[in-house]
Amino acid sequence: MALLLNSTITVAMKQNPLVAVSFPRTTCLGSSFSPPRLLRVSCVATNPSKTSEETDKKKFRPIKEVPNQVTHTITQEKLEIFKSMENWAQENLLSYLKPVEASWQPQDFLPETNDEDRFYEQVKELRDRTKEIPDDYFVVLVGDMITEEALPTYQTTLNTLDGVKDETGGSLTPWAVWVRAWTAEENRHGDLLNKYLYLSGRVDMRHVEKTIQYLIGSGMDSKFENNPYNGFIYTSFQERATFISHGNTAKLATTYGDTTLAKICGTIAADEKRHETAYTRIVEKLFEIDPDGTVQALASMMRKRITMPAHLMHDGRDDDLFDHYAAVAQRIGVYTATDYAGILEFLLRRWEVEKLGMGLSGEGRRAQDYLCTLPQRIRRLEERANDRVKLASKSKPSVSFSWIYGREVEL
């Protein structure tokens, strides 16, 4: 991935010409069009208003092509399962939420604003702590923060799930209450990291803010198919991934001497762990009620691959921004291919997939066999990929990140 990036402009033009450069659509008499050299022929614009309209529409499309998405695949019979689980969710799921009055808030970790002298003193202390932290760490921390800030997309996506979505925006079903309260808890994560990064002075906040706007506007390709089986499997995986990622940024912050930042990342990781436990409990209950349908859904999601929610990340410059951010995260050990396989192994053990027996159809048994051998296959692929990376790393490719004022970071 990194070795193909000979030029940002070249990559941008290859993957999405509209991002790199665009020219008016013309019909040229007697010559082919070869920008940017001026043409010495007469040209007649064809339907310029339509061209402008099409260009405007494309401005708001994701930077990456999103394939045709399948919708509403759950059967009525399986929808009834979620209806029957409402009492269970009321008693078991909502217990993983914390009351607002007992919850931490971003201001608990930030400089005090009610005392001007103390505020400036604490900001200076914060900047002194962060000024020696390397750029690659900030690239990953910014990427993590942007992922958290795209929370509107995640709430919207969860509310596409048939049988559990919030039908009114204020529904009192336990599923709807959970999604709103989970969103409220998650909202603090992006708020806190955003403010801390702003005060550090180490990142270009305008480019960070542009990336957030681009990402929320692009949405995500969840592959849920409006199916709550798929949705809760995905969130189980994703919450564990964010728990690992924030936990590792906490460890690195400690290494770099910023104990406050370490506490921030560790506190966020603890929230993610609690949310992971809640979502894995839902899937555990589904395995109890419908082992055949659940194991098939899990196999289906793994065949499609669990894609991180910020995979459509873009800053208006780098069409491969998410891949570059992920490559840096892999290199410094925040989130790696090893973690991906480890999460799958953890969930397979948690849900005792290998022990499933009675009640599985032929398709269910095939899904079980596929899942139980998948981690080993992923690790073999990972080893081959690592070998290729080692060979390629001799050239030490680097990429410029707008988030850190265009400075280059090794991939």
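Quick reminder: no glycine exception, Cβ is built from N, Cα and C everywhere.
Marked as transit peptide by Swiss-Prot on the basis of sequence analysis: 1-44.
Under 8 Å, Cβ to Cβ, and six or more positions away along its own chain, His189 (Fe cation 1 binding site) finds Glu148, Ile268, Asp271. The Fe cation 1 binding site feature in Swiss-Prot is assigned to Glu148, Glu186, His189, Glu272.
According to Swiss-Prot, the Fe cation 2 binding site annotation covers Glu186, Glu239, Glu272, His275, on the basis of similarity to another entry. Secondary structure from DSSP puts Glu186 (Fe cation 1 binding site) in a helix.
If you look up Swiss-Prot, you'll see Phe224 marked as site 'Confers substrate specificity', on the strength of a curator's inference. DSSP classifies Phe224 (site 'Confers substrate specificity') as coil under the three-state reduction.
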Starting from Glu239 (Fe cation 2 binding site), work out which of the recorded positions listed here (Glu186, Phe224, Glu272) have their Cα within 10 Å, and give them in sequence order. Glu272
At the Cα level, what's the spacing in Å between Phe224 (site 'Confers substrate specificity') and His275 (Fe cation 2 binding site), rounded? 19
Specify the count of other C-beta atoms within 10 Å of the C-beta of Glu272 (Fe cation 1 binding site). 23
Rounded distance in angstrom between the Cα atoms of Glu186 (Fe cation 1 binding site) and His275 (Fe cation 2 binding site): 9
